[in-house]
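A.B. asks: Okay, so TrEMBL annotates it like this:
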DOMAIN    84-236  domain 'Ion transport'
DOMAIN    393-657  domain 'Ion transport'
REGION    1-23  region 'Disordered'
TRANSMEM  72-95  transmembrane segment
TRANSMEM  154-176  transmembrane segment
TRANSMEM  215-236  transmembrane segment
TRANSMEM  248-273  transmembrane segment
TRANSMEM  394-416  transmembrane segment
TRANSMEM  428-447  transmembrane segment
TRANSMEM  468-487  transmembrane segment
TRANSMEM  507-530  transmembrane segment
TRANSMEM  542-566  transmembrane segment
TRANSMEM  632-654  transmembrane segment
């Protein structure tokens, strides 16, 4: 085991000689069997187990002080502070000059934005940068100098911090009047370096760049050829009116669309999917290897303790009581700890082999479902039968059917009264129906509480939502009756303010549609689709993070390039007013809020261009206001967002859905029966299609650990 005073001492998995260790003379804590030595072993095993659970690398220092720092760094408090710091430094773009703190982005109506005094946002920024300095310092110390020199992300982290701090000093020396702040462009790096999934995604994108470049080159050649052909064919006249003169001109547009949109763009999609095919599986495979490696390292540590406790060890293994003691030191939620403890106790007093030790970690992939509270017991047979009826799933189906009737009635009356003035409406029938539906919801709530008991009713999130919605509807209905009296023929509730109480009640009623989400688990094929969507949301964090990075960088660039170029008519602007502007132009469409005068407006503008919402209008407007070079910016943004990222997202959907759909017959066997106390995670769902690392691969990797050495 590693010497607590010398981190470079070897970690032994077996006894060696009499002492089993190369220890400094007189070191009581290093002698096998001593309490400090066992305590060190258990701490190291606990850290390895935490690494395995969280799929972290085990290539870090393992001495006492380093382990304390390591566990502190990965504690919930420190990780929350780091995540909040990343959010805060990114959020500064909304507050610092040019500030987004205005009610509108329209240049015609926007008031003067608040300009923070020099040093205010800079003070918050330097605090964030100091947190990142502490972060990179801790990471560098924990992995060691040798690992730090070969880690490009840590080296880039250091460079970004040096550049940011230098730029911050320059900014203060110029009294915050510089036109470009380089450190703003570097801020998204802090988000990327903190996510291993984003790093893997970037690596995959980088590997697919040559293939994407070849298709983009073909696309550029395609555009060049057809542009020259169009200029020769339609000289002196517009393209579309040419079709009215000769039908043959349609061939040009059809061929252009077939080659560009249907062939080249879909070819680009196929290339990106081919690169990302297996991306999800590779990610799970890497996670599985880290899980097995961390578990094997913990096994080696604990098996060395077992060997030291026996004079002539005949087999390699871990004592269950040792593992249970280590488990008490692991930072883990109580439900998983209890499940693993029960699994360990099922082995009795026999030593745990390496395979049995690895199987214990499958329990950490299962999400424990809490047992519902016991139902109340009634002495009367009639009440017991009523309890069975009102707790049956058919009673839920009846509630869904009633809710459907509620939605249909609201929809019908909204359509019928769409063209009727509020003063001419007669809401008598709808008012009566609304009272009936709300009374049924209240009755359903009371009957379910009777059948399940209040703790049992609150144990289901769907019941909590239904109950909260019923209470809100009841309060609104009572308020409506108190203000407008009971519905009667010719009943016309007045509109008070933006929405009357009556309109508010109908609006909340529409939320009843959420009740129908409860039927999804009962339909197997729909359940597969729904679970795929949920998995996409979980796995979209990396792709969403990349999109945030791209948006952030292009928004900052857009502010630097186009801030103030869009000026409202009458303010010294060369832009015409709406009455004289050409039809379909930026001015005639009143696209004034789409500008780069602040960070929030820049994000919305980029979004509109990404979804190709009249993007030719933006190109024409910014060409007129800032020059033809602005087209380069918008074309680059379209390529990065609409072409690359959208196809990336499509590849992720195909990868996730196809694997999930192919394995739909295994959902029941992997997740267990409906009454099971566990739900399987995505990692466990794909576990049987992953390749388990061999014993030799694990031991080979452990033998090259930079901070421990095995003796066998």
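Glycine is no exception: its Cβ is also placed from the backbone N, Cα and C atoms.
Predicted automatically and left uncurated, TrEMBL annotations should be read as such.
Since this is a predicted model, take the numbers as computed values, not measurements.
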A.B. asks: Count, for each of 154-176, 215-236, 394-416, 542-566, 632-654, the Cβ pairs lying under 8 Å from the transmembrane segment (248-273), and report the range with the highest count.
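C.D. replies: Against the transmembrane segment (248-273), the leading stretch is 215-236.
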A.B. asks: Using Cβ atoms and a strict cutoff of less than 8 Å, what residues sit near the transmembrane segment (72-95) while being 6 or more residues removed from its termini?
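C.D. replies: That would be 50, 54, 56, 101, 116, 121, 124-125, 128-129, 131-132, 135, 138-139, 142, 184, 187-188, 190-191, 194, 331, 548, 552, 555-556, 598-600.
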A.B. asks: Which bits of the chain, at least 6 residues beyond where the transmembrane segment (154-176) starts or stops, bring a Cβ under 8 A of a Cβ in it?
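C.D. replies: For the transmembrane segment (154-176), the list is 97, 118-119, 122, 125-126, 129, 132-133, 136, 139-140, 143, 148, 182-183, 186, 189-190, 193.
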A.B. asks: Under 8 Å between C-beta atoms and at least six residues away from its ends: which parts of the chain pack against the transmembrane segment (215-236)?
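C.D. replies: For the transmembrane segment (215-236), the list is 242, 249, 252, 256, 259-260, 264-265, 267-268, 271, 639, 643.
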